[in-house]
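> Below is one structure. I have some questions about it.
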């Protein structure tokens, strides 16, 4: 049987096949459009103006597409910092403990100084046994990358990388510019695709024009659906994982827990300087370890109202508004300490269930 590291190297090599396939298709599309269409077909017809316009816009979309694709592939996924690792003594105690309750007590004590606001479905601290770190909010373990990734969205085989906090903006721009690239090719090749059926094209260009249109149209359809879905996720401030499984907070699961409203959701991914939005440079807000939240179960994108009811209105008639940015941290360190105390108190109560407590009530005379 082959050693594990050899199998791992083979898996990593095979994982580059989709990327190589895309690179070959892009290189062929460049040759087919620039050489076969613009130079050999349009150039021979004497349409210099059309040729120049096509070449300028094609290269603009091509450069932005390749740039964003490159950044998506080669931007290393962000990992949890060292502060989320258990201290050596606590780690040894955790590994020696066999009872899950005792392990959770160790994790709760270690988490008192950490900005952790989400939990498992059972209300426990999220811990990765593989990476041996306490998971920050929105962090998940990627089995393909074999690491915990901050604000993990999904692992994309077409970029052979995990899409997360560090490259999510690049991934969105990659989808956008690839869609523009394919739409531009399909729109400008259409008239020559029609001429293919009338035998009004040079023999050398027929094959390239025919397949260039089909490939561009096919990728347009597939990319459009994926791009639309991720735009919806950005507007809701959710990851693909969170869209399928809502994050769990202290008050329970809430699919809108990280949503700050459409505008602020956009700026969380693209930054607050609009001049950099269309460039594949990192401008996302935050550090990937902590994220603001509204702490409400209602849809935060609805209109907000004053939290304090007017004298003429009853408290039941006034809905609660989302918290402001200065109030949007789920739990302070003091609240974390209270969580630990509550958790330990619950364990004490569970161990004392066998005891009988009698409460006598005297009737009023």
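Backbone N, Cα and C define each Cβ position, glycine as well.
The annotation domain 'Palmitoyltransferase DHHC' is assigned in TrEMBL to 126-244. Annotated region 'Disordered' per TrEMBL: 304-326, in sequence order. Per TrEMBL, the feature transmembrane segment maps to 12-31, 51-70, 170-194, 209-232.
Locate each feature and note its surroundings.
Under 8 Å from some Cβ of the transmembrane segment (12-31) lie the Cβ atoms of residues 62, 65-66, 69, 73, 144, 157-160, 185, 208, 212, 215-216, all in the same chain and six or more residues away from its ends.
Within its own chain, the transmembrane segment (170-194) is flanked in space by residues 29, 33, 37, 41, 54, 57-58, 61-62, 64-65, 68-69, 71-72, 75, 153, 156, 159, 163, 201, 205, 209-210, 212-213, 216-217, 219-220, 223-224, 226-227, 230-231, 234, 269, 278, 280, 282, which lie at least six positions past its ends and keep a Cβ under 8 Å from the stretch.
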> Would you mind splitting the domain 'Palmitoyltransferase DHHC' (126-244) into helix, strand and coil residue counts from DSSP?
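Its residues fall into 69 helix, 16 strand, 34 coil.
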